[in-house]
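**Student:** Feature table excerpt (Swiss-Prot):
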type	residues	note
BINDING	His180, His224, His279	divalent metal cation binding site
Amino acid sequence: MTTSGADGTKERRPVIALAMGDPAGISPELTARLLALSDIRDAAHIIAIGDRRILDEGARVAGVTLDLEAASLDALDNAGTARHVFVDLAHLDPADVVRGEATLAGGTFATRNFRTALELAHAGKADAVCFTPFNKKAMRFAYPGYDDEIRFVADVLSFTGKVREFNVLEKVWNARVTSHIPLKDVASHLSVEAILAELKLTQACLKDAGYEEAKIAVAGLNPHAGDGGSFGMEEIDIIEPAVEKARALGFNVEGPFPADTVFLRALKEGFNAVMTMYHDQGQIAMKIIGFDKGVTMMGGLPFPLCTPAHGTAYDIAGKGIADIGATREAILLAARMAKKKRALSAAA
């Protein structure tokens, strides 16, 4: 399926493999709502993956009617059709769903859908992957050796490169040097090399999203960014040298700034991204700024991979009140990045 570009030429919509997430949360409702949106049909061709019975229950909860083309995995290609496609793996009886609880059945359902979506993109049958929220505890029930999605993705794709999570809002991105580790271990994981590597990956991902001259603000680790060494030396010994090396490479990067005001500065002064030193240093700010619009993007992969930044919301599952905003933004970001990657590949 093609759409008209700005110059009147025809261009193919990006094909996005969308994996249904945890069936016990709001994922079925979000998936159904998303597939019914007209602007999503204009932006991307979606191959949704899951169990049709679970999706139909989500549509009932959401109060939407779906017009989907059924397809098998063997029959898919990357051309895209007028209607979104649903691949029914038929692997979970709705009677086995315990709404509002993390279970082995829910974890198995979500991870199988996710694996299938990744394999489609890896095989060139999709330009990007998105997934609605699933629960890490349920994932560990199904795959005990995995703490988060990143290791799972790397193993499915046999990918050995660097993969990092970015949190994305329309006006600002958040990158982080460390992620899912105890707070007491953060300082020992910081180095000039680690920060510089994250800045390089952030710059590359921002370019894929259309930011040719990205402006990045770097947060300090300690209160008041160390206040000249009064509250810690990491800014002087590690963060400042990393920023200087990045600037020498031509990056438009500034900092370190105090973490309690760096996002205010970024929004006021037009920074495209803020790099924080640890997980919650950025997550708290991003979710206050735009919880219902936030997207998590896994950078460094051969294709865009996006999901809403919120979780499964077990407490409101089945009530028909889930906000589609972040899921919609995840699809739109994946579509934009897929188009940009395609354009860069064509120009190479």
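Going from the start of the chain as shown, residues are counted 1 onward.
Positions of Cβ are set from backbone N, Cα and C atoms, glycine also.
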**Student:** What are the non-local neighbours of His224 (divalent metal cation binding site), defined as same-chain residues 6+ apart in sequence with CB under 8 A from its CB?
**Tutor:** Ser230, Phe231, Pro258
**Student:** Measure the Cβ-based neighbour count of His180 (divalent metal cation binding site), defined as the other Cβ atoms within 10 Å of its Cβ.
**Tutor:** 11
**Student:** Can you check which residues sit near His279 (divalent metal cation binding site), meaning Cβ under 8 Å from its Cβ, same chain, 6 or more apart in sequence, and list them in order?
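**Tutor:** Sequence-distant Cβ neighbours: Arg176, Thr178, Ser179, His180, Ile181.
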**Student:** Using DSSP with the three-state reduction, classify His279 (divalent metal cation binding site) as helix, strand or coil.
**Tutor:** helix
**Student:** Would you identify the secondary structure of His224 (divalent metal cation binding site) according to DSSP, in three states?
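**Tutor:** Reduced to three states, the DSSP call for His224 (divalent metal cation binding site) is helix.
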